[in-house]
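Below is one structure, written out as structure tokens; comments come after it.
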Amino acid sequence: MADLDQVLAEIRRGTDEILLESDLLEKLKKGRPLRIKLGADPTAPDIHLGHTVILNKLRLFQELGHEVIFLIGDFTGMVGDPSGKNSTRPPLTREQVLANAETYKEQVYKILDPAKTRIEFNSSWLEPLGAAGMIRLASQQTVARMMERDDFKKRYASGQSIAIHEFMYPLLQGYDSVALKADVELGGTDQKFNLLMGRELQKAEGQKPQAVIMMPLLEGLDGVKKMSKSAHNYIGVSEPANEMFGKIMSISDELMWRYFELLSFRPLAEIEQFKQDIANGANPRDTKISLAKEIIARFHDAAAAESAHQAFIDRFQKGAIPDDIPEVELAAGEGLAIANLLKDADLVGSTSDALRMIKQGAVKMDGEKIDDSRMTLSAGTVAVFQVGKRKFAKVTLV
């Protein structure tokens, strides 16, 4: 039982909730390889560190000898998951979904062992259902049950539309578990309703209900919103090592511990020792460097991690301007306002962001801080602009 206790401790690490843990324990006690399912709708081409929280747990099950299925929702991706959304998602075309699916496979193999990963597409069983099968599936749940979802409840209360096909999404995801005869399904906390639907449909089909393991949603670089491309607070697993290093070093010291908990493979005792060292006066920056190097070595290699560390020292700690900054040519017209220049050069997301950064003293032109938010630049200007510690661009106005 000691070994089983250790396995459970590894599985529990970083999880938000396991439903039901007694079911999971019963399955593990049987000693056979379990069928572990993780589904992902390829709605965007890039996988970021937020996605890897669950993928890391899936990798653990591979290492424990279980059968791992990475399910690509090529069918459900065209429906659109309503989880956490305050409006109906625009549907993707089959071509978009399949193109994104190809990049998903390449990226997940940075984490999962390809030889131990079974890839499935849910169109294999959802398309053959046809109209009769879909109606039969829909008959297994009620509108009242669907309206128990917080996101649907809020949208209904605020007068936002809810499309009928959105009610189908949890049923389709749940049916995936029936088709695969899943023993365990992994998902984020925002997927709870969908994950539990799998248990209900499996019971209805006479199967043993899957255990559900929910992982927390990783906060993005801002430490507030969940990591996502739309929030511009993400680190993509395919980003260059130098870019990844700089982004990780930009997170707050408090958020660093959250990243250690959900992204690091270090023993918990070692992470606790880091905390103790900082309490005793160690510099949190050095601990953050250890985190950055660990993550970069995983998605690139150890040499890339060391190189990125050195580049970070040269660029930020010694104040050097990087050699590979983008060069941008902009039309000056009768004069280009500094806020518009920074936005057009992709150094900020909006002119209001530019004004805020200038006010904070975070904008430089050729190394000199810009204090005048109303500055206008004319044609012929050639200068290196810097926003914060990491963003540079050489701008030529014509």
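Yeah, the Cβs are placed from backbone N, Cα and C, and that goes for glycine too.
Owing to the predicted nature of the structure, the values given are computational and were not obtained by experimental measurement.
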Range annotated as motif ''KMSKS' region' - as stated in Swiss-Prot, picked from 151-155, 186-190, 226-230, 306-310:
226-230
From the DSSP assignment alone, can you count helix, strand and coil residues within the motif ''HIGH' region' (42-51)?
3 helix, 1 strand, 6 coil
Where does LYS229 (ATP binding site) sit in DSSP terms: helix, strand, or coil?
coil
Within the same chain, where does the motif ''HIGH' region' (42-51) have neighbours whose Cβ lies under 8 angstroms from its own Cβ atoms, ignoring anything closer than 6 residues to its ends? I mean 6 or more beyond.
72-74, 77, 80-81, 89, 92, 97-101, 103-104, 107-108, 217-218, 220, 226-229, 234-238, 259, 263, 295
Excluding near sequence neighbours, so keeping only residues 6 or more apart in the same chain, what lies with its CB under 8 A of LYS229 (ATP binding site)?
ALA44, ASP46, HIS48
So what pLDDT does the motif ''KMSKS' region' (226-230) average out to?
84
